[in-house]
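Read through the structure below, which is laid out as structure tokens, and then see the notes.
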Amino acid sequence: MDVRQSIHSAHAKTLETQGLRNEFLVEKVFVADEYTMVYSHIDRIIIGGIMPVTKTVSVGGEVGKQLGVSYFLERRELGVINIGGAGTITVDGQCYEIGHRDALYVGKGAKEVVFASIDTGTPAKFYYNCAPAHTTYPTKKVTPDEVSPVTLGDNLTSNRRTINKYFVPDVLETCQLSMGLTELAPGNLWNTMPCHTHERRMEVYFYFNMDDDACVFHMMGQPQETRHIVMHNEQAVISPSWSIHSGVGTKAYTFIWGMVGENQVFDDMDHVAVKDLR
């Protein structure tokens, strides 16, 4: 488990390129036949990837000591979106088939969660966010046909994109975790511009569906102290509540966003005008 401490905005603005990457970038999300796990002190979110290829993968009791529990989801809820080939997730003996861009919410208290791929040639890639939970909500599969989509932006401003809301109150009930998938239209490069902050939630972005020769310049920092982190395919970045979170790519791309905090109101944000950015 890779533990990332919280960081004050006054400290963050003093960091050079590698310092910013060390604090906020999750460089390797998927490793064959393993799980990756990054624990952030910011709202206690855990993020990572699970890619079963030749065997099943599960998060066992080895994380219990680090989390102060006897099993992974004893006091946590889990959200998973599959960006790879078809797979299965078995929760306490109940098997769910999770295809490409299907998702599964797993409620607090699930003791055994096992991940598998159906075809080793095209393995599943399960990207997950995990957050503290105060009660148990039912485990539920969500397909792309069931999400709450919103299309925003314009080709003229190069920010035409569709926001697919997987885990939001309109779709299912969670304790605090919200997740969704945003896909830019071909030829569009900007996400979340004009940008915003939200003091009541932190966020994690996971960029994917990118060519090897492409990158995204992920914008972060306070609106008057902006910085950037260069992102490549299948990398994630942690965004504290004091930071903007926006990006521009060399080509169109897709990203998964995950939020945890004190509410789940999607529009609870503090907008920042482009003219006010520095």
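Residue numbering: from 1, along the chain as shown.
Cβ coordinates are placed from backbone N, Cα and C, and glycine is handled just like the others.
The Zn(2+) site recorded in Swiss-Prot comprises His196, His198, Glu203 together with one of His218, His228, His232, His245, namely His245.
For the recorded site, His245 (Zn(2+) binding site), the DSSP three-state label reads coil.
Sparsest Cβ environment among the binding-site residues His196, His245 (other Cβ atoms counted within 10 Å): His196.
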